[in-house]
Amino acid sequence: MLTIKDVHALEVMDSRGNPTIQASVILSDNTKASAIVPSGASTGKREALELRDNDKTRFLGKGVLRACENVNSVIKHHLIGLEAINQAFVDERLRALDGTPNYANLGANAVLGVSMALARASAKALNLPLYRYLGGANALTLPVPMLNIINGGTHANNSIDFQEYMIMPLGFESFREALRASAEVYHTLKKLLDGKNQLTSVGDEGGFAPNFNNNVEPLEVISQAIEKAGYKLGEEIALALDVASSELVDENFNYHLKGENKILDSHELVAYYKKFVAKYPIVSIEDGLSEDDWEGWAFLSKELGRQIQLVGDDLFVTNASLLQKGIEKNIANAILIKPNQIGTISETLETIRLAKHHAYQCVMSHRSGESEDSFIADFAVALNTGEIKTGSTARSERIAKYNRLLEIEHELKGGIYIGKELFKHG
């Protein structure tokens with residue numbers, strides 16, 4: 001029986017220069033694997049707690065030495081000797097060991113790092129790729145990437161209110177071709193922005209961060225880039241938004257679009273989106289309303305839920321209980337999946353299974369603070385999520401996930417690229 005021999009953690013750096021945890025697990029056959037935990041910029045208030053040191057003399061208070069120490073002492077002590085391939089049992093032990101609903105004691109960053117490293121070590125010991133270990137024989141589907149090519153909001157220091165303007169390459173036969181087309185659109189967009197004397201510096205997730213007069217102009221220039229690159233807008237490459245509305249809302253559920261000097265209530269903001277959807281081939285809107293604006297979400301879902309994908313990120317924070325509430329209230333029709341919002345691989349799996357059971361789409365997602373770790377690429381294929389958000393075709397921490405997906409596609413001798421079939425379920 002494979003058991004856990006050792007567990008340890010190290011403070012390393014993420015893509016924004018902030019500290020994060022690298023956890024390592026060694027098994028009884030001396031197999032070793034590590035995992036690096038990501039971190040978000042715009043975070044939902046109900047996310048599992050990321051433990052920081054708050055020592056202002058180190059990393060402006062963002063150090064993670066306490067979380068590392070929790071791995072190196074408490075977690076290590078309780079996990080040594082446990083069966084390695086029983087992921088659910090080990091993850092449940094981690095949850096019980098913490099004793100809070102949001103990992104406030106040990107830190108979700110400490111717990112997730114160990115959970116990820118354990119899955120990777122077990123797969124390695126069994127000589128299986130991670131996607132096959134987690135997903136079994138049914139892990140065959142390459143996800144449609146949602147590439148963030150213009151950044152705004154908290155991901156960029158510019159005048160755009162919406163956090164992400166994305167492209168989705170739906171009309172292709174393979175992941176490789178879809179990614180190639182996306183990269184060509186990205187480079188074409190850069191030339192267009194250069195021609196408009198716009199900034200082509202990039203945001204946290206590799207997208208450009210130009211200044212525009214309103215929130216419509218990015219849709220226009222992206223549409224131009226798609227067509228100039230030689231692709232059919234809406235047919236081969238569609239558009240998607242992450243509004244990150246929780247960053248725009250006040251206590252009265254009024255939404256402040258500072259770039260346009262507008263203040264809109266929930267119904268007015270939904271009407272604003274409907275104009276966008278009528279004019280542009282937008283197939284997905286994420287966090288269109290605040291995480292606390294459940295009434296507004298119900299209206300948004302009623303108005304647009306049959307036309308496009310409505311993704312809950314801050315709304316659900318990868319939490320099965322919150323997702324169940326959304327299901328019961330007919331709110332949204334898709335969920336963003338971020339393992340560090342919930343704490344362990346097993347809890348993430350539970351949420352994905354619940355979503356799939358109720359025909360909610362799942363979008364595997366990175367965070368704005370990432371690393372070279374490509375775990376989510378395998379995870380997306382393992383669970384056949386059908387979609388993945390992992391940034392633009394720039395910045396190596398984003399490219400690491402795309403390169404891993406290319407590798408998986410090759411191993412699967414093509415696999416199945418879901419493409420246009422993604423939105424034909426209903």
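Just so it is clear, glycine is given a Cβ too, placed from its N, Cα and C backbone atoms.
Swiss-Prot names Gln163, Lys338, Arg367, Ser368 as (2R)-2-phosphoglycerate ligands; from the candidate set Lys190, Lys191, Lys325, Lys389, the record adds Lys389 to that same site. Together with Asp242, Glu286, Swiss-Prot lists one candidate of Asp250, Asp265, Asp313, Asp314 for binding Mg(2+), that being Asp313. Here Glu286 (Mg(2+) binding site) is positioned 16 angstrom away from Glu205 (active site, proton donor), judged by their C-alpha atoms. Same-chain neighbours of the Mg(2+) site beyond Asp242, Glu286, Asp313, judged by a C-beta within 8 angstroms of the site's C-beta center, are, in sequence order, Gln163, Glu164, Leu241, Val243, Ala244, Ile285, Asp287, Val311, Asp314, Leu336, Lys389. Ranked by Cβ neighbours within 10 A across all protein chains shown, the binding-site residues Gln163, Ser368 are led by Gln163. Here the candidates are the recorded positions Asp242, Glu286, Asp313, Lys338. The one whose C-alpha lies nearest to that of Arg367 ((2R)-2-phosphoglycerate binding site) is Lys338.
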